[in-house]
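To keep things clear, I will list the structure first and then write my remarks on it.
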């Protein structure tokens, strides 16, 4: 099995890159691809850049040129579920765009014309994430809907909009729906496994920038454990 792993920022892929053996690096279209092995599993690690367009470009190249069997999207996310705290993990059951609106033509909020309203994560990959979680100490995870948009959600108005239209949302971020849509079009199974770097409506002693390395550590450890369990 070959596993594609996607993170947007350098901080989100550094730990995974350092865990890789026989690493080869290729840069293309503003993306960086690291191919090698982690825990004995063939992987291609993509640092895509931030946002949906960058994620879609990188994922397309990843799927077309490297042809992984499955894709895992890792990194950080903003928590919307009240049980989440900094460093907790979210596992996608489905992913939706929160900044897409063609409802005037009869589509659901968040649904792009010609696409499903939600992109369903792969059941086997979700179960693999749960098994990895069971082997990690002191790690809390929530499984559910993750929503994506090309905006850092930091205002009460935007939070209220997302909660109104996507009431079951557990977390938001800026790449997953583009990755999920691209995987859907390539018929490649995917799952999103991210760690919480900030939580809506909760005060934090640390800023997003300060907590990002810790969130990256948590999500990377989860991905490494998933890879270990694939053997």
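Heads up, the Cβ atoms here are built off N, Cα and C, so glycines get one too.
Quick look at what Swiss-Prot lists:
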ACT_SITE  12  active site, proton acceptor
ACT_SITE  198  active site, proton donor
BINDING   78, 153, 174, 175  substrate binding site
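Structure with Swiss-Prot features highlighted.
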residue	record	Cβ within 10 Å
12	active site, proton acceptor	28
78	substrate binding site	23
153	substrate binding site	21
174	substrate binding site	23
175	substrate binding site	31
198	active site, proton donor	21
Field: Integer Cα-Cα distance in angstrom, the residue listed as 'active site, proton donor' to residue 174 (substrate binding site)
entry: 14
Message: Around the substrate site formed by 78, 153, 174, 175, which additional residues qualify by having Cβ within 8 Å of the site's Cβ center?
response: 77, 148, 149, 151, 152, 172, 173
Task: Based on DSSP, name the secondary structure state of residue 198 (active site, proton donor): helix, strand or coil.
output: strand
Field: Rounded distance in angstrom between the Cα atoms of residue 12 (active site, proton acceptor) and residue 153 (substrate binding site)
entry: 19
